[in-house]
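Note sheet for the following structure.
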Amino acid sequence: MDLAAVLSFLLLAFWVTARFWANAAAGVRDNRSDQAQFEWMMAHGARVVTQFADPFRTDRMNVPDGVNLMANTSVLSISLPMTPVTVLLGPRWSFLAFLTLGMAATGVAWYFVLSRVLIGARGPAWLGAGFCAFAPAMVSHANAHPNIVSQFVVPLIVWRTLRLAVPGRWLRNGALLGLVIAWQAFLNLEILLMTAIGLAVVVAALAIGRPELRPAARPFCAGLAVAAAVAGVLLAYPLYVQFFGPGAYQGLSRLIRGYRTDLASFVAWSRESLAGDARGSVWLAKNATEENSFFGWPLVVLVGALVWWLRRNVVVLALAGLGLLFAVFSLGREIRYDGHDTGIPAPWAALEGLPILHSVVPTRWSLALTPIVGILLALGAEQVRQLARRHPAARPRLRFVTATVLTMALLPILPTPLPSVRLDPTPAFVSTGAFRPYVAGGHSIVTLPLPDTTYPDPLRWSAETRLDLPLARGYFLYPDTRPGHGRVALFTAPPRPTSTFFTTIRITGGVPPITPSDQVAAVDDLRYWRAGAVILDPGLRQADALRRGMTALTGIEPTYTGGVWLWDVRPLVD
């Protein structure tokens with residue numbers, strides 16, 4: 001049964017990502033920007049191992065200021081051990097392995113914790129673990145969020161937290177918990193925060209509702225103190241860099257903090273589920289990667305029935321209350337229903353400005369409902385199994401009813417393969433190393449347009465060179481240092497005159513009037529970026545306008561080489 005469970009999770013993970021494996025040139029259609037960023041992060045991890053680069057900061061993007069990688073999704077707990085894959089096969093394949101194996105490992109980890117620790121039965125554990133790993137929210141985040149779908153450390157944290165209550169082993173158990181907490185911290189801090197809150201609620205409920213467990217409080221608290229000490233030692237400097245180092249920001253922008261769960265989405269179908277499509281979910285989620293709460297009405301009814309049926313179980317009540325709390329948090333500052341703002345304030349409005357919480361995307365609180373529902377499904381299946389054991393005559397009917405109910409609730413939300421798109425090939429100027437003379441002496445490469453969330457391809461190019469291609473600007477979280485903007489996070493560096501100029505061209509398709517002051521500003525910006533060369537992919541839709549704009553700004557005629565238009569700007573910069 002164990003081997004079958006592991007194989008089933010592997011098959012499901014490869015099913016979801018099948019289109020990416022089938023075509024070496026395919027990428028994530030609905031989230032090309034995050035795929036490029038994670039490929040860059042995988043290359044960074046390899047650079048840390050092979051060249052002893054700083055793991056927490058980098059100067060290979062956003063030259064000259066660099067990027068605070070602890071304040072970004074640097075996934076060091078994955079990128080470092082996957083260095084051999086990145087070096088041998090390239091960052092695209094290590095990203096894809098991370099995405100696929102992360103989903104499978106999440107199912108495997110939940111299966112073993114549920115079957116060995118929480119429930120003790122393999123069938124119910126397989127059901128719950130499968131939901132934890134392949135629920136609609138997880139498949140939605142499989143659109144290039146490998147750090148979110150890779151939740152295999154979460155059940156390990158649950159397991160090691162429960163082991164703290166074992167008398168006489170508080171030092172060992174506390175140290176192990178501290179280690180897995182640190183592991184998760186370098187994978188995704190948002191998931192760690194939700195896990196910590198969830199465990200705090202469940203442990204408190206057990207302490208109140210199960211008096212016989214209270215003698216375990218002493219070893220539990222001692223072990224918890226050890227865990228805090230171990231995790232604190234391992235994370236003290238990285239967290240200092242994250243919150244106080246160069247490039248640290250003060251929460252997310254109000255726009256991103258407005259990403260919230262639509263109340264109608266809880267009973268809707270996700271676009272990548274068997275019963276769903278993009279037309280039915282487009283008004284209920286910000287994008288294809290944030291369908292965190294799409295359970296479908298049959299499953300919502302089933303979960304409600306399970307909670308009522310198992311209401312004498314303290315753990316079930318704690319999970320139900322926790323799920324309700326997370327669901328309410330996910331509504332954001334104002335309740336939204338069926339694509340329309342209701343004007344009704346939600347509790348998150350009073351919390352969103354608090355430290356730490358101001359960096360949470362509200363809708364992701366509903367992502368925490370997935371393991372809660374998975375555990376409830378496993379508990380319900382185990383209760384049915386116990387009933388069948390006590391009443392052998394009713395076993396056929398119980399099995400039939402259970403199979404029917406689960407089919408009605410889960411069949412519509414089974415995952416489908418994620419859509420793919422053909423990625424543009426890396427220009428020969430980059431892939432052959434022809435760029436190297438232009439980055440000698442600390443110079444960077446400026447791409448047109450400059451890289452950001454809407455144009456992430458330069459991050460892929462840089463990743464393929466193992467970050468030997470340093471970029472001006474990029475796609476990352478960075479404080480808005482302009483006066484009056486409160487250092488909230490942007491998705492790139494604050495705008496400069498020249499970056500704004502080329503953004504305007506990309507949006508409008510036309511070249512704005514150029515003044516002498518624009519030309520002076522362009523030279524200043526190129527010097528600021530330490531530019532050695534400016535390159536342009538001629539295949540871009542606005543390539544002609546971008547080429548004319550750059551030539552007019554600098555007075556330098558480009559040359560076509562290695563599949564790009566090239567401006568050698570070293571005479572202007574040096």
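Each Cβ is built from the backbone N, Cα and C atoms, and glycine gets one as well.
Sequence-distant neighbours of the transmembrane segment (93-114) (same chain, 6+ residues past either end, Cβ-Cβ under 8 Å): 2, 5-6, 8-10, 12-14, 16-17, 20-21, 35, 38-39, 42, 46, 75, 78-79, 82, 85-86, 122, 124-126, 128-130, 132-134, 138, 142, 144, 146, 149-156, 158-159, 371, 374-375, 378. Residues or ranges marked as transmembrane segment by TrEMBL: 93-114 (among others).
Residues or ranges marked as transmembrane segment by TrEMBL: 170-186 (among others). Long-range contacts of the transmembrane segment (170-186) within the same chain, counting only residues at least 6 positions beyond its ends with a Cβ under 8 Å from a Cβ of the stretch, are 74-77, 153-154, 156-157, 160-161, 163-164, 192, 195, 219-220, 222-232, 234-235, 238-239.
Feature annotation from TrEMBL assigns transmembrane segment to 192-208 (among others). Beyond its flanks by at least six residues, the transmembrane segment (192-208) meets 154, 157-158, 161, 181, 184-185, 214, 217, 220, 314-315, 317-319, 321-322, 325-326, 356, 360, 364-365, 367-368, 372 of its own chain at Cβ-Cβ distances under 8 Å.
What TrEMBL records for 220-240 (among others) is transmembrane segment. Long-range contacts of the transmembrane segment (220-240) within the same chain, counting only residues at least 6 positions beyond its ends with a Cβ under 8 Å from a Cβ of the stretch, are 56, 70, 160, 163-165, 169-171, 173-175, 177-179, 181-182, 185-186, 203.
Per TrEMBL, transmembrane segment is recorded for 294-310 (among others). Proximity of distant same-chain residues to the transmembrane segment (294-310), defined by a Cβ-Cβ separation under 8 Å and at least 6 residues beyond the stretch ends, is recorded for 135-137, 140, 265-270, 273, 275-276, 281, 284-285, 316-317, 320, 369, 373, 376-377, 379-380, 383, 405, 408-410, 412-413.
Panel annotation: around the transmembrane segment (315-332), residues 194, 198, 201-202, 204-206, 209, 257-261, 263, 266, 292-293, 306-307, 346-349, 351-352, 362-366, 368-369, 372-373, 375-376, 379 of the same chain, lying at least six beyond its termini, place a Cβ under 8 Å from a Cβ of the stretch. Feature annotation from TrEMBL assigns transmembrane segment to 315-332 (among others).
Per TrEMBL, the feature transmembrane segment maps to 365-384 (among others). Under 8 Å from some Cβ of the transmembrane segment (365-384) lie the Cβ atoms of residues 110, 114, 118-121, 123-125, 127-132, 135, 137-138, 141, 148, 151, 154, 194, 198, 261, 266, 292-293, 295, 299, 303, 306-307, 309-310, 313, 315-316, 319-320, 322-323, 326-327, 329-330, 398, 402, all in the same chain and six or more residues away from its ends.
According to TrEMBL, the feature transmembrane segment maps to 396-414 (among others).
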For the transmembrane segment (396-414), sequence-distant contacts whose Cβ falls under 8 Å of one of its Cβ atoms, 6 or more beyond its ends: 127, 131, 135-136, 269-270, 273-276, 294-296, 298-299, 301-302, 381, 384, 387-388
